[in-house]
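Below: the structure, in structure tokens.
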Amino acid sequence: SAQPVRAFTPWVELLSLLLSKARTSAFRDFGKDLDIVHLPRFFRDSQILPDEILLALHGFGGKLRYAGSLPIFELARPLRVSLRLRVVASPLDGPTVFTDASSSTGQGAVVLTARTAPAAVLHVRSHSDVPGFFTTGNALADQHAGHKVLTVREADLHSTLHLGARALSRTCSIPMAVAREVVQACPHCNSAPALSAGVNPRGIAPLDVWQTDFTLEPRLAPRSWLAVTVDTASTVIVATQHGRAN
């Protein structure tokens with residue numbers, strides 16, 4: 001977030017936050033760290049960089065350059081700035097395009113490029129019960145972006161490895177319902193008979209078959225792990241405390 005955490009934040013701390021945000025964005029969008037980082041010129045005369053800057057540059061393997069002004073600013077000087085209004089705050093007469101622009105999912109159903117006419121950008125609240133044109137269109141955009149656009153990679157992965165629904169959901173970080181749809185659409189997986197649900201073995205007499213599992217109970221710290229053992233015949237339960245689960 002760009003919101004300062006204090007009323008008077010040192011500029012060095014703000015610079016470190018900017019560096020951290022730039023490196024995080026580079027990893028997320030390009031899969032690699034920054035190649036070059038430009039720092040203010042007076043840092044070059046310092047024997048050691050401030051702790052905030054060093055922390056933001058931890059693990060950085062690129063080049064550090066010191067300059068009073070970035071070279072890109074020299075290229076921006078001859079550019080002509082257009083004062084023609086391109087984005088307005090109210091709807092316009094023309095086509096209406098809905099897109100999923102959620103920052104949490106990173107999905108996009110529609111991308112607009114090379115725009116020449118003015119456009120109005122509106123935010124439609126999700127999960128709104130108010131009926132209307134914008135609510136209906138936004139719901140359709142979310143539905144298509146959440147299912148049809150996402151399942152291309154998952155379908156390719158399943159057609160190669162034939163992963164099950166649970167493994168496909170964990171590998172691709174998709175909902176279980178979407179993973180089941182991908183598996184059910186595979187003709188090879190549906191040709192074989194489905195396995196029935198498993199049944200835990202049960203003893204026919206006490207002390208015959210036991211089942212043990214670990215469960216975490218934070219209130220019992222420092223020995224917060226419980227080894228719960230059940231006699232499958234008599235249903236007697238025995239629980240013992242442990243410091244670790246192994």
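Numbers run from 1 along the shown chain.
Cβ coordinates come from backbone N, Cα and C, glycine included.
Now, the feature entries from Swiss-Prot:
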type	residues	note
BINDING	His158, His162, Cys186, Cys189	Zn(2+) binding site
DOMAIN	202-246	domain 'Integrase catalytic'
ZN_FING	149-190	zinc finger
Checklist outcome for this item: One finds that other Cβ atoms within 10 Å of the Cβ of His162 (Zn(2+) binding site) number exactly 13
Next on the checklist: Taking the Cβ of each of the binding-site residues and counting other Cβ atoms inside 10 Å, which one has the highest number: Cys186, Cys189?
Outcome noted: Cys189
Checklist entry - With DSSP helix as H/G/I and strand as E/B, how many residues of the domain 'Integrase catalytic' (202-246) fall in helix, strand and coil? => result 3 helix, 20 strand, 22 coil
Checklist entry - Can you check what DSSP calls Cys186 (Zn(2+) binding site), collapsed to helix, strand or coil? => result coil
Next on the checklist: When DSSP is mapped onto helix/strand/coil, what comes out for His162 (Zn(2+) binding site)?
Outcome noted: coil
